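Chemist: Sharing the features that TrEMBL gives for it:
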type     : residues                                                               : note
ACT_SITE : Glu210                                                                 : active site, proton donor
ACT_SITE : Lys353                                                                 : active site, proton acceptor
BINDING  : His161, Glu170, Glu294, Asp328, Ser380, His381, Arg382, Ser383, Lys404 : substrate binding site
BINDING  : Gln169, Lys353, Arg382, Ser383, Lys404                                 : (2R)-2-phosphoglycerate binding site
BINDING  : Asp247, Glu294, Asp328                                                 : Mg(2+) binding site
DOMAIN   : 8-137                                                                  : domain 'Enolase N-terminal'
DOMAIN   : 145-428                                                                : domain 'Enolase C-terminal TIM barrel'
Amino acid sequence: MFNKKEKIKKVMARQILDSRGVPTLEVAVQTAFGAIGTASVPSGASTGTKEAVELRDNEKSYFGKGVSLACQNVNTEINTALNGVEVTDQKKIDEILIKLDGTENKARLGGNSLIGVSMACARAGAVMANLPLYEYLARLGGVKKYSMPRPMFNLINGGLHAFNGLAIQEYLFIPQVKNFSEAVRMGAETHHIIAELLKSRHMYSGVGDEGGEAPKLKSNTEPFVLIIEAAGKLGFKLGEDYGLGIDAAANSFVQNVNDNFNYKLELEGKTFSSLELIDLYEKWISDFKLVLIEDGLAETDLEGWKLMTKILSDKIHVVGQKLEIVGDDLFVTDARRLIDGVREKMANAVIIKPNQVGTVTETIATIKAAKAHNYACVASHRSGDTIDTFIADLAVGLNCEYIKAGAPARGERVAKYNRLMEISEQII
């Protein structure tokens, strides 16, 4: 695939801090002739139970969240195992990592160790191949023509990403324009108007984990109204210029007793059955022109997922697209779990988070499986993130339909959007 052959000389990791002030890994891979690739690893607050395991120190330092053990694994076992391996042989690199760990969920060496090394190797391989990372990843995935994803901006944060009483974790503003830089402008301007509206009404708002506003509101629908008002002041029309979406992250507000799933929305003062929550989403689709619902039900509510997909998948919003019913915790970027979901007719789109599965090769396999079954792909950041922009290049190189990287604010978020604007100028 790649003509130039260069072998890995050294793999190194060190502990850094992510956007929440929590330790994570930064990995560097050096080849025999000096090519270097680096990567830093994100971390989620709202996580699926089947994700690759993050290895933490569980000691006094950093309240148990240090990653010195994970760094040690990289600097010793992994460094030795990859020494002399061709840096452009991504499949072999990832096979070695998976075999070396030897567990189903990457618990021994740590999924955070493995994905950091895997991404750093891909970057070093791109340097060696003299290709931008998105083109290198496209070649790894067998993609000959790539395109820009559509950004989704998390303008109002709730759930586990804020402490404001909102059950819904993310309220997404989704521009319907093709020009990526124009979409970023729309998102940024709307973000600023929301802040001005809150300030003018003397409504206290903190900042959520993903850079969006986190005001204390009276209902889980008030954020929709606020976003629509802000966008309207800019002349943006709902259903024409933009759509709305949510990441419900329903794992965080489900109550499951003997497979009897109930969902508690405290601001509404009510607990919903799976069907009642689906009916509520159907009302929101009608009232607020939702174009996307992510993790609308808990990952173990499989019968509910089948029902939600059956009821909602044919909903057509005014932009002219079918509703995207997105599985995140349901699939955890695992091709096998995705195929199970396809067979059982659950969801019609999938979140792509490389650290959920632990290697670049497995991430690409999940995207290819999604494409084969007409499931849309949403490349995604994590709530605890870094200035690493790997997912931006991944989204372009593997033709992901969407990307979400938080609000158009805070360095770890805008780094992704800035990288995508740069790429958009290169592939015109």
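Every residue, even glycine, has its Cβ placed from backbone N, Cα and C.
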Chemist: What whole-number distance in angstrom separates the two most remote CA atoms of the (2R)-2-phosphoglycerate-binding residues Gln169, Lys353, Arg382, Ser383, Lys404?
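Modeler: Overall maximum Cα spacing for these binding residues reaches 17 Å.
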Chemist: Are there any residues at least 6 positions away along the chain from Glu294 (substrate binding site) with a Cβ closer than 8 Å to its Cβ? List them or say none.
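Modeler: Within the chain, Glu294 (substrate binding site) has Cβ neighbours under 8 Å at Glu170, Gly245, Ile246, Asp247, Ala248, Ala249, Val326, Gly327, Asp328, Ile351, Val378.
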Chemist: Here are some binding-site residues: Gln169, Ser383. Which one has the most Cβ atoms within 10 Å of its Cβ?
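Modeler: Selected residue: Gln169.
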Chemist: Return one of helix, strand or coil for Ser380 (substrate binding site), based on DSSP.
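Modeler: Looking at the DSSP assignment, Ser380 (substrate binding site) belongs to a strand.
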Chemist: Go ahead and report the DSSP secondary structure tallies for the domain 'Enolase N-terminal' (8-137): helix first, then strand, then coil.
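Modeler: Its residues fall into 55 helix, 26 strand, 49 coil.
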Chemist: What count of other C-beta atoms do you get within 10 angstroms of the C-beta of Arg382 (substrate binding site), across all chains shown?
Modeler: 27
Chemist: Where does Glu294 (substrate binding site) sit in the DSSP three-state scheme?
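Modeler: SS state of Glu294 (substrate binding site) = strand.
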Chemist: Which chain-mates of Lys353 (active site, proton acceptor) that are at least 6 residues away have a CB under 8 A from its CB, listed by sequence?
Modeler: Pro42, Gly44, Asp328, Val332, Thr333, Ser380, His381, Arg382, Ile391
Chemist: Compare the C-alpha of Glu210 (active site, proton donor) with the C-alpha of each of the binding-site residues Gln169, Ser383, Lys404, and give the closest one.
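Modeler: Its closest listed neighbour, by Cα, is Ser383.
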Chemist: Taking only the Cα atoms, work out how far Ser383 ((2R)-2-phosphoglycerate binding site) lies from Lys404 (substrate binding site), in Å, as a whole number.
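Modeler: Approximately 11 Å lies between the Cα of Ser383 ((2R)-2-phosphoglycerate binding site) and that of Lys404 (substrate binding site).
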Chemist: On average, what pLDDT score does this prediction assign to the domain 'Enolase C-terminal TIM barrel' (145-428)?
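Modeler: On average, pLDDT over the domain 'Enolase C-terminal TIM barrel' (145-428) sits at 93.
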Chemist: Near the residue listed as 'active site, proton donor', how many other Cβ atoms are within 10 Å of its Cβ?
Modeler: 31
